[in-house]
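Trainee: TrEMBL lists these features:
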- 6-41: domain 'EF-hand' (DOMAIN)
- 44-79: domain 'EF-hand' (DOMAIN)
- 82-111: domain 'EF-hand' (DOMAIN)
- 112-142: domain 'EF-hand' (DOMAIN)
């Protein structure tokens, strides 16, 4: 089973456990209860939970469907994975990928010529400063 499938199953199980009345949707009360009782998120304010709820409730009907929930959770997982990949490549830790860092990462996954690496950097470097920041990296990966 792939990591994506395992992650998806985790979030589907979370949804099913949280959907106490088994109507196929989550209410704000169900989400709040699960966050506090099951995940000890006692530091979240009501307004923070409401904002989280609104972000997931894409159609704004006051209920989170399984599809809305899974889509948002998987998007969050992807963003986290992309950020972790960026940080792994950013050996200097300065928040910018230098050509040498990109070249080292590309050599780790296969054989790339200097010309191919330069082309990748130029394509990703939207502000033409010679390095790739996290925002540029995310746009290129998505």
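Including glycine, each Cβ sits where the backbone N, Cα and C put it.
All TrEMBL annotations are machine predictions without curation.
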Trainee: Using a Cβ cut-off of under 8 Å, list the residues of the same chain at least 6 residues beyond the domain 'EF-hand' (44-79) that approach it.
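Mentor: Distal contacts: 4, 7-8, 11-12, 15, 24-28, 31-32, 35-36, 138, 142.
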Trainee: I need to check the long-range neighbours of the domain 'EF-hand' (82-111): which residues 6 or more away from its ends have a CB within less than 8 Å of a CB in the stretch?
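Mentor: Answer is 117-118, 120-121, 130-134, 137-138, 141-142.
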